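*Asks:* Sharing a structure, written as structure tokens. Questions coming.
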Amino acid sequence: MMMTEFNATDSIAGTVEAMVFDDEECFYMGTDYLHIKIYLIGVFATSIAVLSILLNSFFTLVFLLNPSLRRTSLYYFGILALIDVFMAFNYIALMTVPVYMDQFQLLWLYHVFLAYLRPVMTESNCAMFSSMMLILCATLERFLRIISSPRTDKLRKFVASHRPLMCFLCVAIAFAYKLCTFFEIQYIEKEDCPEWSRFEIVQAKLAQNAAYRFWWMFVTRNMVDRIIPFFVLVALNFIIINGLKEEHRKCSMKAGPMNVENSRGSLKDATRALVSVITMYLLAQFLQVFTTFWEAFHKQSLEEEFAELYSYLNDIMSIMTLITSALHYPVYCVLNRPIYHASILTLKRFKLYLPRSREDAKPIARDYRSIGSASKAIGFPASVSVSLNPSHSDDSTVAMVNLLERGDCKERNWTL
């Protein structure tokens, strides 16, 4: 929604803190508490990362194969799924690889890790900031729909008709904002030192500047990356819920029971989505903000008195955001019926492409013929055309799904 930057510079340096050789000049800082982190990161977190790759890759496929999803505000979550895939790969590259190279003493893997460290770290931070901005864009579009007015309607229609452009701007802004990460870390070579101690990961001169570290790395990043987005998201969703309650009240007074049912369904879905989004955001960001303030006011106690706790906190913060990324698709699939039905349709498409014997195909053909006969008997039309208006959100799509589930379909062309 936002894998904690791994504390940018400090976290990468912080994940390599044990295995110090005797020579004061030649030393290698490997993964601290390796006997535990080989299971915490190498097994548990890596399994979550693989699961996130599988789930979000499937959601991306669903998004690409179902144009109806791309015509609604769900467009943002399709792009978010793709970014979550990159974030999971980034976690494996930046966190899993160091654990295994230390556990099995793979010097060649250490050289590979050093080669891709800076670009992958930069790309990872860009992906995390992009995902946060995409969530805000999706929430903003829903917010503009709730506070309907001539001005906001024009803005909403512009945003809704330019969703690809909005997503591109999110990624472009994130790239420009996080590009500085590339210049904050580096590795130095000690020619007189052998093997593992020959290279050392250190902070670059830019990150060693006191003013830069405080005003940019601490104040600006914590405000822009965490604090402001969190409270903006809370405020927007609070207004959305109140707007939906008012809409439900009006529908219950003026409309029939069918519209009341649809209104209740939309309100329930929005409430559950609000709770899930805020909860996942809190889990991913609260501990990071807490640790950041602790670092600012009393970092010495973290590094000396609570060194082991500090090490595990850095790992847990990354794992929590990784879990959030893995939960995106299951949560949206449960809370959003269009995504659920599109997923089922995609699975059925794959099933049709599987090799099938003639004996297996005959019962299926008979089933389809019986379904067609039954449809004609009860008066269902031969075809129903559904089109989605790009300027509308997925609320109308949910209402359409309600009609389809009840079989309350007549021969018409829906424009949602």
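Every residue gets a Cβ built from N, Cα and C, even glycine.
Annotation source TrEMBL lists transmembrane segment at 38-65, 74-101, 127-144, 165-188, 227-244, 273-296, 316-335. Residues or ranges marked as domain 'G-protein coupled receptors family 1 profile' in TrEMBL: 55-332.
What's the neighbourhood like for these features in this structure?
*Replies:* Same-chain neighbours of the transmembrane segment (38-65): 74, 77-78, 81-82, 84-85, 87-89, 91-92, 95-96, 99-100, 103, 312, 315, 318-319, 322-323, 325-326, 328-330, 332-333, 339, 342-343, 346, 349, counting only residues six or more beyond its ends whose CB sits under 8 Å from a CB of the stretch.
Remote same-chain residues near the transmembrane segment (74-101) are listed as 1, 3, 6, 12, 15-16, 30-31, 34, 37-38, 41-42, 45-46, 49-50, 52-53, 56-57, 59-60, 63-64, 107, 109-110, 112-113, 116-117, 120-121, 123-124, 127-128, 130-131, 134-135, 137-138, 141, 163-164, 166-167, 315, 318, 321-322, 325-326, 328-329, 332, 336, 338-339, 394 (criterion: CB distance under 8 Å, separation of at least six residues from the stretch ends).
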*Asks:* Which residues of the chain, 6 or more past the ends of the transmembrane segment (127-144), have a CB below 8 A from one of its CBs?
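*Replies:* 1-5, 73, 76-77, 79-80, 83-84, 86-87, 90, 152-153, 155-156, 159-160, 166-167, 170-171, 173-174, 177-178, 225, 229, 232-233, 236-237, 239-240, 277, 281, 321, 325, 393.
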